[in-house]
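Trainee: Dumping the structure here so I can ask a few things about it.
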Amino acid sequence: MANATVDNKANSEKIKALELAVSTIEKQFGKGSIMRLGANESLVKDVEAISTGALSLDIALGIGGLPKGRICEIYGPESSGKTTLCLSVIAQAQKKGGVVAFVDAEHALDINYARKLGVNTEDLLISQPDTGEQALEITETLVRSGAIDVLVVDSVAALVPRAEIEGDMGDSHVGLQARLMSQALRKLTAAINRSNTLVIFINQIRMKIGVMFGNPETTTGGNALKFYSSVRLDVRRVGAIKNGEDVTGNRTAVKVVKNKMAPPFTKVEFDLMYGEGISEEGDLLDLAVTANMVEKSGAWFSINGERMGQGRDAAKNFLKEHPEYMVELRKKILAANGIGKLLVDTNGNNGEDHEGTEPVEIEAEDAAPKKGKKGKH
């Protein structure tokens, strides 16, 4: 009995000391600077996601797209589809009424191409800064405004420090860009989270000299971006899509190298068509075949007993001409993968449960999605 009394007294003193500490912190730094996690709904709610425009990639990311309030990095070799993927994200955000900004440090954004991908260029905010410091100051101002939903910086490699621009061509500026990025990300991270802005940094690949074993590839701008990013996507061109002798697009592979929202190291492939962007029909067709929602017999494809055509291109054209099948397949795939509530189909209806459908499991080592048990995604 005596021990219980002593314990109660000790607990009471702890609670009083904690209340005093919390009160002191709130007086010094303002109300809300410290709180119990369960008392703040904004900290425990599900992370909002913006679709990438490729359903297979949305599933691979685990939450239905790229997370808002976080930093994401998209990198890869030249002409692999990095900017196209970002423009696709921008188009998806604008469809939901989002405000989007594009910091074009490379001064290479093709407005006509962006329009073809579905971007509303009339409402797109664009900046073409002269220096890396200017680009990151503009980024910080836009993020702190709280009015931006998606902000894309293209690219980290083009964020040239002012000292380098004002110096002579042969001057050495060791680690200047890395220090610039490190300082900027320290300032930006908290503001990005508070404003619930998705900030995407496009990055380029460089080769490390003298690497005998392991991967010699690295990204520009130092290591800070790797640490601060919640999602890192490695985009690669794996082949050409031809119509006879004409090349009409690229087969693109995206690997989720880092993911703080779901299990990483997933890999997907989809078609990037010239002048069109990500082929939604081709992506849906691949997922539907994997999940046995579309039957494939030899070169023939059929859905619900109806012939779609001979060959993948014919099946894609069938889906393009019959949007009702695309809506149906999209809803079934979302429901089967447990993210129907996060992604909305083209008619604005949330995915519903469908019996007899199998979830699509995106495998890390395979180039295409495989059928499997419902698991980590």
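Here, residue 1 is simply the first one shown, and the rest follow in order.
Glycine is treated like the rest: Cβ placed from N, Cα and C.
Marked as ATP binding site by Swiss-Prot on the basis of sequence analysis: G76, P77, E78, S79, S80, G81, K82, T83. Per Swiss-Prot, region 'Disordered' is recorded for 346-377.
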Trainee: By the count of other Cβ atoms within 10 Å, pick out the sparsest of the binding-site residues G76, P77, G81.
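Mentor: Candidates: the binding-site residues G76, P77, G81. Fewest Cβ atoms within 10 Å: P77.
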Trainee: Under a criterion of Cβ-Cβ distance under 8 Å and sequence separation of at least 6, what residues of the same chain contact S79 (ATP binding site)?
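Mentor: For S79 (ATP binding site), the qualifying residues are R237.
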Trainee: Based on DSSP, name the secondary structure state of T83 (ATP binding site): helix, strand or coil.
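Mentor: Helix, per DSSP.
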Trainee: Quick one, of the binding-site residues E78, T83, which Cβ has the fewest other Cβ within 10 Å?
Mentor: E78
Trainee: If you draw a 10 Å sphere on the Cβ of K82 (ATP binding site), how many other Cβ atoms land inside?
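Mentor: Looking across every protein chain shown, the total is 24.
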Trainee: Residues with Cβ closer than 8 Å to the Cβ of S80 (ATP binding site), same chain and 6+ apart in sequence?
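Mentor: V235, R236, R237, T252 - these are the non-local Cβ neighbours of S80 (ATP binding site), listed in sequence order.
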Trainee: Relative to the mean position of the Cβ atoms of G76, P77, E78, S79, S80, G81, K82, T83, the recorded ATP site, which additional same-chain residues have Cβ within 8 Å?
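Mentor: Going along the sequence, the neighbours appear as V235, R237.
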